[in-house]
Structures are given as structure tokens and as C-alpha cells.
Amino acid sequence: MSERPRLTVLSGPSGVGKSTVVAHMRKEHPEVWLSVSATTRKPRPGEQHGVHYFFVTDDEMDKLIANGELLEWAEFAGNRYGTPRAAVMERLEKGEPVLLEIDLQGARQVRESMADAHLVFLAPPSWEELVRRLTGRGTEPPEVIERRLAAAKIELAAEPEFDETLVNTSVEDVARELLALMDVV
Ligand code: 5GP
């Protein structure tokens with residue numbers, strides 16, 4: 001067993017409830033550090049720069065990628081998303097647990113570059129429930145929802161690539177299971 005804390009990656013289809021699980025977990029355990037991603041997506045109502053994401057322009061994203069400043073990055077539903085590398089490495093070196101909440105393509109890149117990362121797949125209780133959640137958010141135009149559903153189908157098929165699967169039947173249960181996997185409780 002390595003003494004080094006592992007990087008935990010939470011992934012799964014869009015709309016499965018990853019951010020709700022993470023928000024709940026951090027309310028109970030604010031000491032768990034969550035990486036803040038850079039994205040070219042426009043902020044949704046209530047989202048704050050530096051808290052939910054670093055909202056960047058296409059040019060800024062190009063530079064982050066070209067300078068090797070991202071641990072991983074992916075294009076998702078027409079926008080780019082990436083994990084700033086320096087902040088993650090700093091925490092891991094200090095021995096603090098680190099959590100990434102990213103899409104499947106990003107999870108695969110982390111697997112390639114950090115063999116000991118712990119990859120956790122958040123699965124919906126059913127496909128119908130996932131469709132309901134993706135359609136119900138009401139903040140995106142229909143073509144964006146269609147793209148997200150198409151991406152979700154592909155993402156669901158990737159479950160066997162992951163070290164663990166957690167089924168999102170209850171936010172509280174999944175948050176507790178995730179903390180246990182991270183050795184926080
Ligand atoms: P949303 O636009 O709903 O906030 O996020 C869309 C998708 O992008 C989600 O599946 C989310 O997990 C993923 N995502 C967020 N940040 C990153 C990141 O830094 N890298 C990758 N690869 N995916 C991300």
C-alpha cells in the first residue's frame with residue numbers, strides 16, 4: 001500500500017448527479033478539496049468564476065493546453081473543459097485528498113498519466129431516470145440536451161473501465177460511500 005494519497009476521479013454521464021453528490025459531500029466535509037476546472041462554457045445562473053469553474057475564452061483555453069497547464073482536458077457538448085494541473089499536484093504533494101469531477105474522456109486521460117488514480121463511476125438508477133434529469137434541468141436548448149443524451153449513452157457503456165461503481169439512488173448514501181473510498185471517514 002502506498003502512503004501517497006490517491007487522486008480520486010468521479011465520472012459518469014452528464015446529468016447523473018455528480019455535482020449534487022460532490023456539493024453534499026463538501027457541505028459535510030469541507031476539507032475535501034475539489035479541483036476547479038477551466039471551461040469555455042458560459043456560466044449558468046448562480047455559477048461563480050473561481051468557485052464552480054474558471055470561465056475562460058477559447059484563446060485562453062488554447063494557451064492553457066499549449067502550455068501543458070492542464071492535467072487533462074476534453075471537449076464535451078460543444079465546450080472545452082480541463083483540470084488545472086498545478087493545484088492538483090500541490091495538494092497531492094501536501095498529502096491532501098484530491099477529488100476531480102470530470103467527464104469520461106478526462107477520466108481516461110488521468111488513468112493514462114496517473115496509474116494509481118482511483119476511478120469512480122457514478123451510475124444512474126435507470127436510463128429513464130437519467131433522461132428525466134437531463135430533460136428537467138430546463139436551462140439548456142433542446143439540441144444541447146440531445147447532444148448530452150448521445151454523450152450519456154456512450155459514457156454509460158464505459159462503466160467496466162472504472163475501479164468502482166456507485167449507483168446514485170440517494171445523494172446522502174453515495175456521498176458517504178465516496179468519502180469512505182477516499183479514506184476521509
Ligand atoms: P457541465 O457543463 O454540466 O458543468 O459539465 C459537463 C460535463 O463536463 C460534466 O460531465 C462534467 O463532469 C465535465 N467536466 C467538468 N469539468 C471537467 C474537466 O475539467 N475535465 C473534463 N474532462 N470534464 C469536465
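Cβ atoms are placed via backbone N, Cα and C, with glycine included.
All TrEMBL annotations are machine predictions without curation.
Lifted from TrEMBL, the feature list:
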DOMAIN    5-183  domain 'Guanylate kinase-like'
BINDING   Gly12, Pro13, Ser14, Gly15, Val16, Gly17, Lys18, Ser19  ATP binding site
Beyond the site residues Gly12, Pro13, Ser14, Gly15, Val16, Gly17, Lys18, Ser19: chain residues whose C-beta lies within 8 Å of the centroid, for ATP: Leu122, Pro124, Leu130, Arg133, Asn168
Lowest local Cβ density (other Cβ within 10 Å) among binding-site residues: Ser14, Ser19: Ser19
Annotated binding-site residues Gly12, Pro13, Ser14, Gly15, Val16, Ser19, filtered by Cβ under 6 Å to ligand 1: Ser14
Same-chain residues at least 6 apart in sequence whose Cβ lies under 8 Å from Gly12 (ATP binding site): Lys18, Leu104, Phe121, Leu122, Ala123, Pro124, Glu155, Asn168
CB contacts for Gly17 (ATP binding site) [other CB atoms within 10 A, all chains]: 20
Arithmetic mean of per-residue pLDDT over the domain 'Guanylate kinase-like' (5-183): 93
In three-state DSSP terms, the structure that Gly15 (ATP binding site) belongs to: coil
